[in-house]
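Feature annotations, reproduced from Swiss-Prot:
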type	residues	note
BINDING	Asp30, Asp32, Asp36, Glu41	Ca(2+) 1 binding site
BINDING	Asp66, Asp68, Ser70, Thr72, Glu77	Ca(2+) 2 binding site
BINDING	Asp106, Asn108, Asp110, Tyr112, Glu117	Ca(2+) 3 binding site
BINDING	Asp142, Asn144, Asp146, Lys148, Glu153	Ca(2+) 4 binding site
DOMAIN	17-52	domain 'EF-hand 1'
DOMAIN	53-88	domain 'EF-hand 2'
DOMAIN	93-128	domain 'EF-hand 3'
DOMAIN	129-162	domain 'EF-hand 4'
MOD_RES	Ala1	N-acetylalanine
Amino acid sequence: AQPTDQQMDARSFLSEEMIAEFKAAFDMFDTDGGGDISTKELGTVMRMLGQTPTKEELDAIIEEVDEDGSGTIDFEEFLVMMVRQMKEDAQGKSEEELAECFRIFDKNADGYIDSEELGEILRSSGESITDEEIEELMKDGDKNNDGKIDFDEFLKMMEGVQ
């Protein structure tokens with residue numbers, strides 16, 4: 001079978017080491033060497049790989065991945081699913097982390113980052129950056145042109161960075 005676009009995307013998202021690690025975990029549960037594992041074992045394999053799906057998430061994942069209802073998942077389907085979980089985890093985490101960053105950067109706690117605060121942040125991270133560059137970043141980030149960056153604008157700026 002030809003790999004689907006999703007499967008190719010999943011492989012390109014992962015490093016060779018990660019694929020090998022996932023394969024090793026997958027193979028432990030592929031007891032008959034048939035190249036697939038039971039959906040019942042999926043949660044165990046995911047937890048071995050550091051994921052923590054809830055029962056509901058797991059059911060939703062199985063329903064999505066086991067399209068033919070065979071009760072089994074092959075390795076390519078497994079990769080797609082792991083990548084999806086990793087991306088969702090990263091998104092959830094990064095928003096919390098960014099909210100935390102925003103609070104730290106917003107020195108006077110007015111709910112905005114101004115160009116002075118932005119300059120401090122960038123310089124403290126070891127960037128050698130000119131005032132012109134800071135103004136440029138402010139202009140790019142400040143979508144409503146009020147001279148300061150609110151949390152939504154900050155999130156959009158950071159999306160561009162990641």
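Keep in mind that glycine also has a Cβ here, set from the backbone N, Cα and C atoms.
Computed from a predicted structure; not experimentally measured.
With respect to their backbone Cα atoms, Glu41 (Ca(2+) 1 binding site) and Thr72 (Ca(2+) 2 binding site) stand 9 Å from each other.
A Cα-Cα distance of 13 Å separates Asn144 (Ca(2+) 4 binding site) from Tyr112 (Ca(2+) 3 binding site). Rounded to a whole value, the Cα-Cα separation of Tyr112 (Ca(2+) 3 binding site) and Asp68 (Ca(2+) 2 binding site) is 50 Å.
Under 8 Å from some Cβ of the domain 'EF-hand 4' (129-162) lie the Cβ atoms of residues 94-95, 98-99, 102, 111-115, 118-119, 122-123, all in the same chain and six or more residues away from its ends. Counting Cβ atoms from all protein chains shown, Asn144 (Ca(2+) 4 binding site) has 10 others lying within 10 Å of its own Cβ. With a cut-off of 8 Å between Cβ atoms, the residues of this chain six or more beyond the domain 'EF-hand 3' (93-128) that come close are 134-135, 137-138, 141, 147-151, 154-155, 158, 162. Here the candidates are the binding-site residues Thr72, Asp106, Asp142, Lys148. The one whose C-alpha lies nearest to that of Asp30 (Ca(2+) 1 binding site) is Thr72.
The Cβ neighbour count for Glu153 (Ca(2+) 4 binding site), using a 10 Å radius over every protein chain in view, is 19. The DSSP secondary structure for Asp32 (Ca(2+) 1 binding site) is coil.
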